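Read the structure below first, then the notes.
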């Protein structure tokens, strides 16, 4: 029954009672993390060298593209494997996003597909993954690179929305605690964390100027750093303006400092993709005749921005699973406070009574809390995981793509502009959360 049944049968006797929807989101997130782990393993140099043993995986590029038969594609195998694993995960979540369109409650027969049949879902994911490794190169790598770029841009925006929501919730919680208990202690903690975030941002900006710019040239890098620094100063000042404070009392420098630090990180990540060796000391160009160019160490494939991006991805994916609806209600355009309250109540779920019933009965298992309505949008949840799969694919490959002849992996300007544009979009989103109560006074943004 565990192979075909719903999520409750996956809990052992020692597990506490929990909601069916919670278990389902955990398991789908586990599938995403499992695919991420496989991708990481495949790009490890030792494993990458063994991938040429897969039938046709290395020779296929020569026969399809009609390049030199003696082409050594071994240095591209990890890159190709991550692209195909990313394609498999994206296809898997896209399939469920389509299947779950307009599911309103667990009474819909399709809800059983969302909350059950986990063994067969795993087989579907494995089947798609195996099939993805038989996709011939041709135009696949180039086309899928741009799919990854668009998806990653959208996921960075989702990360920014989640970060904005987290920052507002964090500040509100600490300010409420200050009003209920030791005010001096909480305000001291608030000031300390804000100072650390701003200090880290200032230090990071200084390092970016030192390592990613030169006195002559590197104009793009200087412009990107300076523009984002000015924009961060603007949103910081706006966050403490009297009118903003009056309309939104919990707004303050803690949120602005966290957004500033993330913006500087995105700027760093963008500069790490600048395809000019003189302006980018972390640039790595791989070619088909060796693991790296003569001027670069062969082991420097993962750079620091990618590692930090991977950690942020993990945290944001967990936050998507736990707090998805509330985060996007922050930027809701629904009119009237009742609408917003209804949206937030539906996101919190309707299983409180069921929870009491199961606890009183002493039964420890998951229960169906979605008979009257789903506690989250199934389709939107899968779309977020789809974008997360594309983001992790681009992160693990450093946003590099092969050239037209499939002989060199390069970092294109496309990656730079996508990341910089996403940082600007994130600052605009945060600025909107500050001024929205003034622009739309009839709507509830609490």
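From the backbone N, Cα and C atoms, a Cβ is placed for every residue, glycine too.
Curation plays no part in TrEMBL annotations; they are all automatic predictions.
Transmembrane segment is the annotation TrEMBL gives to one range among 48-68, 279-299, 300-320, and that range is 300-320.
Outside the transmembrane segment (81-103), and at least 6 residues removed from its termini, the chain residues within Cβ reach (under 8 Å) are 28, 31-32, 35, 38-39, 42-43, 48, 51, 110-111, 113-114, 124-125, 128-129, 131-133, 135, 140-141, 144-145, 147-148, 151, 374, 378-379, 382-383, 385-386, 389-390, 392-393, 396-397. Highest Cβ contact count with the transmembrane segment (380-400) among the listed stretches 26-47, 141-164, 185-211, 253-271, 420-440 falls to 141-164 (criterion: pairs under 8 Å). By the Cβ criterion (distance under 8 Å, sequence gap of 6 or more), the transmembrane segment (185-211) is counted as touching the transmembrane segment (223-241), at least 3 such pairs being found. With pairs at least 6 apart in sequence, the transmembrane segment (141-164) and the transmembrane segment (253-271) have 3 or more Cβ pairs within the 8 Å limit; the two touch. The highest tally of CB pairs under 8 A with the transmembrane segment (420-440), across 26-47, 115-135, 141-164, is held by 141-164.
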